[in-house]
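Annotated features, as they stand in Swiss-Prot:
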{"type": "BINDING", "residues": "Tyr176", "note": "NADP(+) binding site"}
{"type": "CARBOHYD", "residues": "Asn139", "note": "N-linked glycosylation site"}
{"type": "TRANSMEM", "residues": "7-27", "note": "transmembrane segment"}
Amino acid sequence: MTVSSSIVPPGGLVLVTGVTGFIGSYIANGLLELGYRVRGTVRSSEKATWVTKALTKRNPSANFEAVIVPDQNAPGVWEAVLKDVDGIAHVAGDVSFGPDPTKVITPSVEALRRLLEAAKKEPSVKRFVFTSSDQAASNRSTTREILINEDTWNEEAIEAAWRPPPYEAERGWDVYSALKAQVEKEMWRFSREEKPSFVVNSVLPTYTIGAIFDEQQAGSTAKWLLDFYKDPSKDGFMRGFGSSYYVYVGDVALLHIGALTLEEVQNKRLLAFAGRFNFNSWLEVFRKHDPSKPWPEDDPTQALDTRRVNGETELYILKQFGKDGWTSFEDSALKVLESP
């Protein structure tokens with residue numbers, strides 16, 4: 001793909017919310033490498049400083065601007081931020097895993113609505129992409145075969161999240177899943193009913209891995225895996241997480257960039273499901289890479305995720321950026337070890 005064939009013009013300006021996050025930083029870096037300008041939202045001046053330094057170090061001649069947005073629900077917060085923006089990647093989200101849906105889901109839906117309403121008023125905006133999650137489509141399963149497509153929604157999590165109080169801590173995962181589903185649903189409702197001039201798409205990443213972009217980052221899913229590699233005796237979280245699909249963070253970034261820029265990618269839910277894994281899959285890769293470490297034995301109780309997807313559009317997008325398919329599981333896992 002060349003920038004000249006993009007919906008966003010050469011040197012065009014893309015807003016990336018949550019640019020300091022694991023996925024957000026990779027999206028911003030990929031856009032800068034392609035010659036786009038990037039405006040990224042952060043919550044504090046400290047975060048603005050380190051993310052600007054990290055991105056400009058990799059792209060010395062790039063045009064990156066950090067904008068402080070401490071509260072996405074503040075009235076009028078988006079108007080100035082969106083000035084002259086060609087595309088929006090809305091990556092920022094609540095990752096507190098809080099159990100109270102009124103404190104997690106309700107303000108997140110409102111924040112998205114405010115951003116979309118402001119974007120509708122900005123004539124330069126051509127594309128809007130929301131970073132959703134596989135959990136917006138369905139819970140993980142090792143017993144039921146579930147076909148995931150653009151019409152699949154995690155109604156099970158939504159129902160569980162909104163059960164009456166008390167809001168027990170164990171509800172946090174259902175609330176997170178419902179959050180992603182309900183915010184994404186609101187984006188599609190807005191597009192359908194409000195009919196903005198811009199095209200909307202969403203990207204649904206699964207368990208995302210790769211090198212943490214900067215040492216200042218929490219690292220998200222990659223950090224969990226890195227901690228296990230550094231100390232194999234602390235295997236409780238990765239063992240307990242069990243099975244899902246993985247995806248390399250660089251591939252997730254390319255799907256976002258394709259959703260922002262490719263003419264033919266319109267009104268799509270892009271399913272970033274590269275391949276299945278379970279706890280034993282990590283062990284196989286890490287034993288091969290460093291057999292000297294005291295890796296635990298394989299867990300015979302570990303099954304594999306039984307969800308299925310059809311990833312034709314996703315593979316097409318990767319091909320436009322010169323990639324012949326998803327980054328392999330082994331390569332993706334080993335990239336985590338390149339983290340600062």
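Keep in mind that glycine also has a Cβ here, set from the backbone N, Cα and C atoms.
Figure note: comparing Cβ neighbours within 10 Å for the recorded positions Asn139, Tyr176, the maximum is reached by Tyr176.
The DSSP secondary structure for the residue listed as 'NADP(+) binding site' is helix.
A distance of 11 Å separates the Cα atom of the residue listed as 'N-linked glycosylation site' from that of Tyr176 (NADP(+) binding site). According to DSSP, Asn139 (N-linked glycosylation site) is assigned to coil rather than to any helix or strand.
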